[in-house]
Amino acid sequence: SSHKSSKREWKPLEDHSCTDVPWLLLFILFCIGMGFICGFSIATGAAARLLSGYDSYGNICGQKNVKVEGIVNSGLDLTHKKYVFFLDPCNIDLVHQRIKSLALCVSACPRKELKTLADIQKFAETNGSTLCSYELQPSEYTTDPRAAKLCPKYPVPESAPIPFFHRCAPVNISCYAKFAEALITFVSDSSVLHRLISGVMTSKEIIMGLCLLSLVLSMILMVIIRYISRVLVWILTILVILGSLGGTGVLWWLYAKQRVSASAVETQIAKDNLQALLIYAISATVFTVILFLIMLIMRKRVALTIALFHVAGKVFIHLPLLVFQPFWTFFVLILFWTYWITVLLFLGTTGSPVPNEEGFVEFRMLGPLKYMWWYHVVGLIWISEFILACQQMTVAGAVVTYYFTREKRNLPFTPILASVNRLVCYHLGTVAKGSFIITLVKIPRMILMYIHTQLKGKENACARCMLKACICCLWCLEKCLTYLNQNAYTATAINSTNFCTSAKDAFVILVENALRVAAINTVGDFMLFLGKVLIVCSTGLAGIMLLNYQRDYTIWVLPLIIVCLFAFLVAHCFLSIYEMVVDVLFLCFAIDTKYNDGSPGREFYMDKVLMEFVENSRKSMKEAGRGGGAEGRELKPM
């Protein structure tokens with residue numbers, strides 16, 4: 001079967017047919033199931049309970065309610081009581097992630113602090129909002145002994161309703177400080193957390209400006225790749241060398257300068273800044289040394305990427321909408337994630353009312369329905385991977401159209417939209433199948449990661465090692481399958497074959513061109529990685545200089561980490577499209593050299609610059625040693 005597949009003629013863009021239709025039908029049925037979960041949660045009143053809120057007796061605020069069997073104070077008419085009020089809003093159960101307090105429906109939130117029961121009684125008489133349990137009348141607040149248990153813990157903090165969710169929340173969030181600090185497990189001293197947060201708030205304008213700078217630098221780098229790709233590699237290499245040396249030098253200079261000034265002023269802030277600078281300087285030095293060693297090893301192959309970058313630059317000239325692909329994908333993902341989180345919140349309040357051990361009402365799903373959230377979690381992974389795979393197929397289709405169109409003036413008016421049209425009409429099933437395979441690998445890895453997190457500190461060393469090994473193996477398998485999927489989508493865009501056939505054909509092509517994959521694709525990806533490093537280093541260096549002159553700043557750690565992470569994320573989003581284009585071009589090039597030899601009727605589709613690149617690759621391999629016989633045979637069609 002593999003032999004027949006390798007001999008089958010490829011006919012780029014000559015035939016379009018629907019692929020993997022059963023998988024498309026399966027995906028549609030799965031999405032219908034996701035819609036059923038949303039509809040079920042809304043139909044059972046979960047949406048009303050989430051938006052309007054409900055009290056501890058199962059009554060939904062702002063409407064008439066039905067009596068719950070065996071629960072007192074249920075089935076009340078709370079039409080005029082539209083807000084949920086917690087008697088002790090600061091009593092948070094970190095284990096079960098909920099507020100351990102009696103919840104009531106009230107007509108208004110206390111907009112000022114109430115210090116005594118008399119103040120609570122006066123607030124009820126003045127505003128008509130009773131803050132004590134329903135069985136107490138306002139006149140009984142100061143006389144009934146039950147008031148100590150049925151009235152809010154005082155002083156009652158000033159609170160305001162949360163927009164759209166009708167919950168009274170304390171205006172001063174200091175009572176949630178314990179909850180916030182518990183989430184940051186790596187901080188043992190609460191004063192450190194407070195200084196970190198104050199540092200971020202003090203430097204928020206600088207952080208926003210640096211994030212915008214990383215976006216601008218990424219756009220500039222894309223423009224440079226598009227117009228001056230021939231000299232980009234050398235410019236990028238020189239800039240990375242200068243940037244890493246300059247950044248390391250500046251860090252050591254600032255450390256030496258502040259060490260002298262810190263000796264005169266002994267404050268905790270100065271010590272924190274000095275320690276942070278030392279860590280940054282050592283890390284930058286180690287990183288620079290490793291980077292230089294890698295560049296020294298790759299120096300002979302850097303020139304071989306110039307032609308590939310040049311052709312990729314031409315692709316962006318003819319297909320400028322490729323630059324905006326990350327925006328559309330991110331926008332669609334945000335919409336889906338918003339929908340998913342909304343339905344997840346619905347599921348948290350859906351189900352039948354059940355009395356708990358305290359005599360209050362909880363809503364729980366009974367029977368098979370309680371496993372719906374598992375289905376919902378699988379939907380998150382599969383549909384997210386489906387959206388990302390649609391981007392890969394769209395980019396692959398557009399680049400394939402460019403590569404296999406001999407006369408570039410005959411390209412469609414918008415190859416991106418033409419690729420989207422082919423995806424929707426023919427290849428959604430292939431995308432659904434490829435994304436499902438990734439989902440099958442992600443789910444076990446996430447389960448193992450969850451188990452590892454839950455058993456941290458409890459399992460023995462052998463079990464911990466085995467768990468980490470399994471997680472690592474699944475991660476490697478996921479990356480390999482993602483790379484193979486991307487090439488399978490390219491093969492599908494070329495020949496309109498189903499996923500399995502395309503994956504097999506792409507795998508055969510990649511194995512036959514293993515040396516080219518190592519010499520061309522890896523070096524190209526490495527240069528794009530250097531571009532990401534350049535953007536992160538430039539943004540980080542600008543952040544260091546600005547934060548150094550921020551006199552009222554406290555600690556450097558968190559703002560600089562936020563800026564650098566955002567800069568890497570932005571650079572990755574932009575340059576990943578360029579990386580994707582390089583991978584698609586390489587597979588098209590490998591197919592072109594395998595099935596065409598330049599003779600009449602079998603002319604090459606590739607760009608002349610890419611043909612020169614192949615010849616240079618062959619010459620460099622021969623000069624490296626006589627062991628390149630396989631590569632020589634590999635380039636024989638030239």
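Cβ from N, Cα, C; glycine included.
Segment annotation: TrEMBL labels transmembrane segment over residues 330-351 (candidates 176-197, 330-351). Using the rule of three or more Cβ pairs under 8 Å, pairs at least 6 apart in sequence, the transmembrane segment (371-404) is in contact with the transmembrane segment (330-351).
When Cβ-Cβ distances under 8 Å to the transmembrane segment (330-351) are tallied for each of 23-48, 206-225, 231-256, 526-547, the top count falls to 23-48. The list of residues near the transmembrane segment (231-256) in space but at least 6 beyond its ends in sequence, with Cβ under 8 angstroms from a Cβ of it, reads 224-225, 274, 277-278, 280-281, 284-285, 287-288, 291-292, 295, 302-303, 305-306, 309, 527, 530-531, 533-534, 537-538, 540-541, 544-545, 548.
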